[in-house]
Amino acid sequence: MRPLKHEPMRPLSHEPMRSLNHEPMRPLNHETMRPLSHEPIKEENTVPLRRQPNPKPRQRRVQVEMIPTTAGPSYQDYPPPPSSPRSVSVRSINSRPKSPTGPQKVILSGRGLKEAEVNKPAHFQVDGTQANPGKPKSHLQGVRDQLPVSVENVRPQVYKCTYIPDRPGAYLLYVNWNDKPLKGSPYKVAIREPSRPDRVVVTLERPNTVLGEDLEMRVDPRNAGPGQLTVRCTDPNGQEIPCRVNDNYDGTKSLKVTPTMPGRYLVDIRYDGTHIMGSPYAIDIKASNTGLLPVKCWGPGIENGIIPDFQSTFWVETTGAGAGDLRVRIMGPKGAFHVKMRKASQRDKIYQCFYDPVEPGVYTVYVQWSGVHVAGSPFQVLLATSDRELERMQEVINAGGTNSIINGNYNNYFHNNSNNSVHLNSSRSDLDNDVTMRRSRFSKSSSRHSAGRDINSEDLNDILY
């Protein structure tokens with residue numbers, strides 16, 4: 001360390017102390033200083049303050065200078081500026097603060113603030129009902145030119161602005177209120193070429209679509225300009241059904257619809273909100289040419305059996321039948337019968353169906369795929385309490401004629417008529433004689449009906465029983 005230099009001490013100077021701005025300071029006056037207390041401040045105990053010029057006028061700060069006259073704590077007295085008195089607003093503690101009105105309270109809305117099409121009017125709205133009275137001014141600035149924006153007064157303090165661009169590109173939209181720019185101005189606006197829905201090309205992949213196949217259409221909007229494709233499809237009953245739109249990654253789209261019933265379907269295709277040429281398309285879906293779809297049914301549930309050991313389970317395989325709806329319905333001796341159905345295989349389209357019959361009789365099983373009967377449907381199932389009874393039921397069915405006569409009358413014939421029960425339990429010759437006698441009665445009674453009138457099941461009940 002360097003040794004200290006023993007310089008002679010300077011004598012105390014009686015010159016007054018100077019402040020930071022090199023002005024002389026007055027000596028402290030010990031008579032004006034007193035300890036802190038809760039007593040009100042007296043005028044003689046205050047210390048005057050002098051306001052200094054503010055180097056930053058935009059900041060709401062005031063620089064002052066204090067010249068203490070005594071040692072210890074002092075009290076500052078700041079005189080208000082010459083602009084006093086000032087008005088002070090007083091509000092309730094429960095009231096909400098009110099936002100100041102101005103350009104920030106102007107509300108803008110409309111598509112014209114973001115995008116527009118060439119040679120088509122673009123609109124946006126200026127709502128100044130919450131701002132100071134005024135009028136908007138706007139213009140569209142491009143790279144090469146500037147486009148005017150017309151302003152129309154819709155109602156007080158609400159204006160509709162319109163502009164028509166003549167070339168595509170990126171533009172800036174300036175909006176002012178009382179010659180003051182609004183918050184967010186200028187706005188970026190993308191001007192694009194107009195869409196041409198009439199140039200969208202639609203191709204039907206399968207002109208003769210039948211039930212069980214997907215209705216496929218190919219949509220090509222590449223020459224229609226930018227736009228959004230929307231599709232809506234309704235079935236013959238007027239109900240909307242799902243439409244699947246897939247991207248082909250070449251600028252085209254594929255449309256697929258799964259028909260659920262035969263009839264006329266309407267396909268509504270719009271591009272950028274406008275119908276394309278020919279829309280909506282009316283497409284007729286027909287049933288299969290053979291009337292039967294490649295759906296297979298098998299199992300003991302659609303075969304004759306003995307109660308109570310009857311196994312009522314059967315399976316329906318729809319593999320290869322395409323998209324469709326499976327419906328199973330069973331009619332028993334007392335009307336409709338409850339059917340349970342579940343998917344037996346997740347990989348293959350195989351469904352397991354089963355029901356729980358509790359009494360003998362004739363059961364009819366209806367299996368339909370998309371509203372069309374499958375091969376063998378409706379299935380007729382005879383249930384009896386013994387093998388001998390089942391044989392008698394089959395003999396009565398063979399002798400009775402059509403299935404309609406069997407379904408309408410056999411259960412009553414077998415269970416409700418005691419004489420018929422005797423005939424069923426008798427020998428084969430007695431049964432044949434009984435059937436022959438009833439046919440004779442039927443031929444005689446049929447002459448009583450008027451010509452040209454068909455005999456229904458009720459007439460057959462009256463004649464046979």
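Cβ from N, Cα, C; glycine included.
Quantities reported herein were computed from a predicted structural model and do not represent experimental measurements.
As written in TrEMBL, here are the features:
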COMPBIAS  1-45  compositional bias 'Basic and acidic residues'
COMPBIAS  85-97  compositional bias 'Low complexity'
REGION    1-106  region 'Disordered'
REPEAT    98-191  repeat 'Filamin'
REPEAT    192-285  repeat 'Filamin'
REPEAT    295-383  repeat 'Filamin'
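Per DSSP, the secondary structure of the repeat 'Filamin' (192-285) breaks down as 3 helix, 46 strand, 45 coil. With helix defined as DSSP H, G or I and strand as E or B, the repeat 'Filamin' (98-191) counts 6 helix, 49 strand, 39 coil. Secondary structure of the repeat 'Filamin' (295-383) per DSSP (helix as H, G, I; strand as E, B; remaining residues coil): 3 helix, 46 strand, 40 coil.
The average pLDDT for the repeat 'Filamin' (192-285) in the predicted structure is 88.
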